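These come from Swiss-Prot:
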- 148: active site, proton donor (ACT_SITE)
- 31-42: disulfide bond (DISULFID)
- 36-48: disulfide bond (DISULFID)
- 41-55: disulfide bond (DISULFID)
- 59-64: disulfide bond (DISULFID)
- 29-66: domain 'Chitin-binding type-1' (DOMAIN)
- 278: N-linked glycosylation site (CARBOHYD)
- 86-281: region 'Catalytic' (REGION)
- 1-28: signal peptide (SIGNAL)
């Protein structure tokens, strides 16, 4: 009898151990819904782990691997804050600015809207540009603005949606839409609200101000640039693209990435500066 009880006890232990393993496996196979604990990846098959098999192709969540981000480049070499500098007015000469705007087609809605005077006035309203600025940064800024606005053809997004996200800080105003406007195509109520707060302008109540005033349009674009893009200038032009539209990077939209690079190379050439390194993302 004692022997039989021992056998039953051992069988029960084995059963419970097996059940525990099966339960754990069931949870790990459901990580696409429940996620993984700690710094683990949820694989394409629903398992949690930390190796390439989990964090590589098909990874659903967690610190999934992508192509490695560019290693920060020292500001003294390939960064956008390196190289020749000058005041905004001396860098944005009439000839340089006109060489960009002269390519805007006659049928473009923003033909004649973006002016050199507006760009300089907007830049000088930011402390970062009151002294001298790297020519590479100006080339990069204008390259990104040019790409986002269709080579300065547009001041408003073609597909004009509502773009209202619930917010107690920057609530959407009745009848107002927060679609892309200006050279960076600033979008969503929370961006209009934050930009307006920084600039001292009622952009939540009057988002169309960005499309009416070229100075405000450039100010909003520069607000976004200073807040989100300027911190990565030392990493090269590719890092600015990642900050503006990271979905294009790592093979997402190679043609769009190259378009941005082409604008940048063109403007660097016109300003007489080398482009630095890490151009793509």
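Each residue, glycine too, has its Cβ placed from N, Cα and C.
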Quick check on the disulfide-bonded residues 41, 55, 64: which one has the highest count of other Cβ atoms within 10 Å of its Cβ?
41
According to DSSP, does the residue listed as 'N-linked glycosylation site' sit in a helix, a strand, or coil?
coil
Going by Cα-Cα distance, pick out whichever of the recorded positions 48, 64, 148, 278 is nearest to residue 55 (disulfide bond).
64
Shortest C-alpha distance to residue 148 (active site, proton donor) - which of the recorded positions 41, 48, 64, 278:
278
Let me check the 10 A CB neighbour count of residue 278 (N-linked glycosylation site). How many other CB atoms are there?
21
How many other Cβ atoms are found within 10 Å of the Cβ atom of residue 48 (disulfide bond), counting all protein chains shown?
22
Note down the number of other Cβ atoms within 10 Å of the Cβ of residue 148 (active site, proton donor), including every protein chain shown.
22
Hey, of 41, 64, 278, which of those recorded positions are within 10 Å of residue 48 (disulfide bond), Cα to Cα?
41
How big is the gap, in Å, between the Cα of residue 278 (N-linked glycosylation site) and that of residue 64 (disulfide bond), rounded to a whole number?
22
Give the mean pLDDT for the region 'Catalytic' (86-281) on the 0 to 100 scale.
96
